[in-house]
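Here the structure is laid out as structure tokens; the discussion comes afterwards.
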């Protein structure tokens, strides 16, 4: 084989399993802590007394709480990245899950609206290092296995969205749900959502403990400094490498296989925003906004009373539905949709997956109308709900495809910066979406514009706009 051919066809590097597992474990704490509150957020807001028993206003205040997570994450993600350049990736990644543990405990002990907002914001701040986690994933992989590593991100997100709502729904109000176990404890009657929050915080603490034991530094700057120190102390003694080190763990190559030089000139944010990257980030922001709007609408629609336009389900039922769906959705994405993604490529698969929102929102519209006409949740409502959830199975694959498109659109030696920009863009739009969608939901119920379906109409229009923009994605990213 010629040298030119050898340079083109590279053998696939084995994934660094231990380091990748620890990074993914840290990442999964984001969806768990973000979504554990959704089954009981309506009850938590009502318990503060801020709505004065006006159920139609609940959406406004719930939206503020939900938005704080991603707004604070957006405001801090860049600074966490800068700090990781100064103090190393490992240190910054360890701060996140430890802080999340404390923030979740504080949220569970909050009895005022202001306290809920503050601790929700702290959760977002400590989740702001999620961009650092993605940068580490890029640093511990290379051009031959990076796509496989990034494919795991939406799978772990799906797992987190399984655990989070399930914990929130099943463990909320334990004194009522499990009176034989918790009914005798006044603490659980006074703080009905502490157990669910503590469970999510405990999982974050497990991530911290395991990462503290096994996570290695991946920053090329810090690793090269460590190598210099070792070499200067004993130049004659060879270094023993474990399997993961031999698998190019911590290699300083970018996704294009180019070496990151010590004196490489960093690109500014404006220089990074090429035409292809701009359209990718635009689509990422629309996807994040649409998805988060849908995510916050689900507990509002499912939990609100039938008389005002909801399904009247309990937090336990909401958590059970979302948990079962996310569990099955993870297998569906892993064994079916991911294989289709590899065949079609991220661009085509993203277009197909994003178009599912044009099915999801009309089904939410029909769900509310049928339940209202029937005066309850009958068989037809359950059938429509299942159809709505089936359409939603494509959402994780949309994020999977977008992760690959972001990586493919990154200029040489700027993958970390591009991932940081993408994460900031996504977090910003996710922060705006809950306040927008929940407030629009409450406005729809109060004004009865379009029969109370103004929120559905607006989100259908936004979904159509997002689908149009998806066709503008660069075609060079059509192959994985």
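Any Cβ shown, glycine's included, is placed from N, Cα and C.
In TrEMBL, the annotation transmembrane segment applies to 58-80, one of the ranges 12-34, 35-57, 58-80.
TrEMBL tags one of the stretches 434-453, 454-473 as transmembrane segment, and that stretch is 454-473. In TrEMBL, the feature region 'Disordered' is placed on 224-260, out of the ranges 224-260, 261-297, 298-334. Mean pLDDT, taken over the domain 'Major facilitator superfamily (MFS) profile' (1-478), works out to 83 on the 0 to 100 scale. Here the transmembrane segment (314-337) does not touch the transmembrane segment (454-473). Their Cβ atoms form fewer than 3 pairs under 8 Å, with each pair 6 or more residues apart. Remote same-chain partners of the transmembrane segment (115-137), defined as residues 6 or more beyond its termini with a Cβ less than 8 Å from a stretch Cβ, comprise 19-20, 23, 26-27, 29-30, 33-34, 37, 44-45, 48, 64-66, 68-81, 84, 89, 92-93, 95-100, 102-104, 106-107, 146, 149-150, 153, 218, 415-416, 419-420, 423-424, 427, 431. Against the transmembrane segment (349-367), the recorded stretches 58-80, 191-215, 379-399, 454-473 differ in Cβ pairs under 8 Å, and the greatest number is found for 379-399. Counting Cβ pairs under 8 Å to the transmembrane segment (191-215), the stretch among 58-80, 92-109, 149-171, 281-302 with the most such contacts is 92-109. Ranked by Cβ pairs under 8 Å to the transmembrane segment (281-302), the stretches 58-80, 149-171, 379-399, 454-473 are led by 454-473. Residues 15, 20, 24, 27-40, 134, 137, 140-141, 177, 195-196, 199-200, 203, 315-320, 322-323, 326-327, 329-330, 333-334, 338, 341, 396-397, 399-400, 403-404, 407 of the same chain lie 6 or more positions beyond the ends of the transmembrane segment (149-171) yet place their CB under 8 Å from a CB of it. Listed by sequence, the residues of this chain that lie at least six past the ends of the transmembrane segment (454-473) yet keep a Cβ under 8 A from its Cβ atoms are 279-280, 282-283, 286-287, 289-290, 293-294, 297, 347, 350-351, 354-355, 357-358, 361-362, 364-365, 405, 437, 440-441, 443-444, 447.
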